[in-house]
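What follows is a single structure, written as structure tokens, with notes after it.
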Amino acid sequence: MNPVVKVDNLSVFYEQHQAIKNIRFQAGPGQMIGILGPNGAGKSTLMKAILGLERYTGTVKVLDKHVRHVRKQIAYVPQRNAIDWDFPVLVEDVVMMGRFAHIPWFKRAGKNDKRLVEESLKKVGMEEYRSRQIGELSGGQQQRVFIARALAQESELFFLDEPFVGIDVTSESIILSLLQELRDRGKTIFVVHHDLSKVEKYFDQVLMLNKELIAYGPVADVYTPEMVAKTYQGNLATFSKKDEVMVVNV
């Protein structure tokens with residue numbers, strides 16, 4: 001089975017320091033992959049580099065092409081703190097942004113675009129908020145709207161940067177269920193994640209990062225106390241796996 005994402009010797013430099021170094025991995029279809037690591041490990045940088053939003057050295061192939069040629073096939077949900085929630089835009093217009101790549105220049109959204117927007121809003125339980133300003137919503141509701149935008153895009157790959165941070169339990173459950181459904185349909189999903197207590201529940205594969213690639217593979221093989229300790233290097237209070245709890249340099 002051909003990889004949908006192939007990264008080889010990827011490095012990113014910021015002025016006088018190296019953010020990530022010599023990252024190599026491949027990801028196939030139908031996987032939900034958690035990107036784990038301490039603050040400053042380069043998780044968001046790695047995601048942005050794959051998406052072509054950061055300059056890098058090395059090679060990145062998405063669907064066997066450079067990312068610039070497959071942007072329609074990629075949906076990206078950035079961190080909430082990277083979004084201007086005060087910008088005056090309606091919920092339905094935010095979701096319609098997911099259709100922009102499919103709408104020809106100087107053309108209006110068609111019936112199919114509007115149908116997909118409505119269906120996406122219903123999937124996240126936000127159809128009754130379609131005419132509300134995005135800034136009026138709670139954090140969880142805002143995140144659901146951006147997930148709806150990603151759904152409307154009808155992509156093959158989904159990249160989400162800390163989608164579960166600062167949201168309510170209902171929104172978390174809805175988002176997780178939708179992501180798992182997408183995975184089961186053969187989509188590939190990358191998630192920057194920080195809550196180690198839910199890794200086994202959320203992910204099939206984990207990519208453990210601390211400027212360099214520490215480990216990558218199935219959760220059962222890679223998500224171990226040894227790999228967690230090596231990844232977090234004392235920046236973690238507890239590691240939880242099923243009934244096992246390990247204290248790491250408290």
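The backbone N, Cα and C atoms fix where each Cβ goes, and this holds for glycine too.
According to Swiss-Prot, the feature domain 'ABC transporter' maps to 5-236, an assignment based on sequence analysis.
The ATP binding site annotation in Swiss-Prot covers Gly37, Pro38, Asn39, Gly40, Ala41, Gly42, Lys43, Ser44 and rests on sequence analysis.
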>> Please list, in sequence order, every residue of the chain apart from Gly37, Pro38, Asn39, Gly40, Ala41, Gly42, Lys43, Ser44 whose Cβ lies within 8 Å of the Cβ centroid of the ATP site.
In response: Thr45, Leu209, Asn210, Lys211
> Along the domain 'ABC transporter' (5-236), what average pLDDT does this model show?
Replying inline: 92
> In the structure shown, with every protein chain counted, which of the binding-site residues Pro38, Gly40 has the densest set of Cβ atoms within 10 angstroms of its Cβ?
Replying inline: Pro38
